[in-house]
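Notes follow the structure.
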Amino acid sequence: MKERIVNLETLDFEISQEVSLRPSLWEDFIGQEKIKSNLQISICAAKKRQESLDHMLFFGPPGLGKTSISHIIAKEMETNIKITAAPMIEKSGDLAAILTNLQAKDILFIDEIHRLSPAIEEVLYPAMEDFRLDIIIGSGPAAQTIKIDLPPFTLIGATTRAGMLSNPLRDRFGMSFRMQFYNPSELALIIKKAAVKLNQDIKQESADEIAKRSRGTPRIALRLLKRVRDFALVKNSSLMDLNITLHALNELGVNELGFDEADLAYLSLLANAQGKPVGLNTIAASMREDEGTIEDVIEPFLLANGYLERTAKGRIATPKTHELLKIPTLNPQTLF
């Protein structure tokens, strides 16, 4: 499948740009109000007790601000944050090296934490519970366990697939937060703030139009903003107005609902099944995409907006999908 403009993952060339647009204060972080309120209370209490924060888990689709909110937590706690990802922690020694370099109250952020191996999790458990690292030296009867005390720290785990976390690991997080999709007004405000940082003039209706097509995701909203800005520059316009915005978004292949070719192909596959469940492996094979991408990238927004149902037997298109694609739902009697 070709690269999608609405891809939820951070593209390589966007990493430095995303950092420059990242909010650094609570007042700059738009949306997720309930989560912010709970975190502010926890941070205030931890600072008054002069303790580290409880370990916390953020879960939800990519691009909703798990990393950004973790940076703000570190800033509010006046401490350091170490960023890593589970696939980078291949051996227990990798984790030990990270943990032994943490200072008191530091934050360790592990992205894709559901991908930690069971062996790594076993090393992590005493570190989370007792701030202790158990290292086994040697093997067989001569093996010895050396215990190393660790400074109190906070582990922040981030995952797009909370269901894949082992129960023992999930139970060790004192706080768990589900990141929600953003509404259009929140996204429009994010777009306006980002435009200021980019020194780009933008009309309110343009920000609203980009927000409407951003799939409830700030990462996509910022990507579309930068792409529309490119179109404005080529048109020799210093202002992003509605005409330029509509032209750019249509050229980029993002419709009024934020759907692209991949979304429409997915929905067409389900709708044409006429109420019969379609298995994930069948969908992945038909779209030439891996099952994880289907589950983590394509389905969440469609599911949240009522375009499909997940059943034990597979995926089923809803009446909303049939109406969108103008594919009639056949009467069951006409199928025979």
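Backbone N, Cα and C atoms are what each Cβ position is placed from, and that goes for glycine too.
Binding of ATP is attributed by Swiss-Prot to L21, R22, G63, K66, T67, S68, E129, D130, F131, R172, Y182, and within the candidate set R219, R223, R227 the record adds R219 to that site. The Cβ neighbour count for L21 (ATP binding site), using a 10 Å radius over every protein chain in view, is 18. Counting other Cβ atoms within 10 Å of each Cβ, the lowest count among the binding-site residues F131, Y182 belongs to F131. Annotation note: F131 (ATP binding site) sits in a coil segment as assigned by DSSP. A separation of roughly 44 Å, to the nearest angstrom, links the Cα atoms of F131 (ATP binding site) and R315 (DNA binding site).
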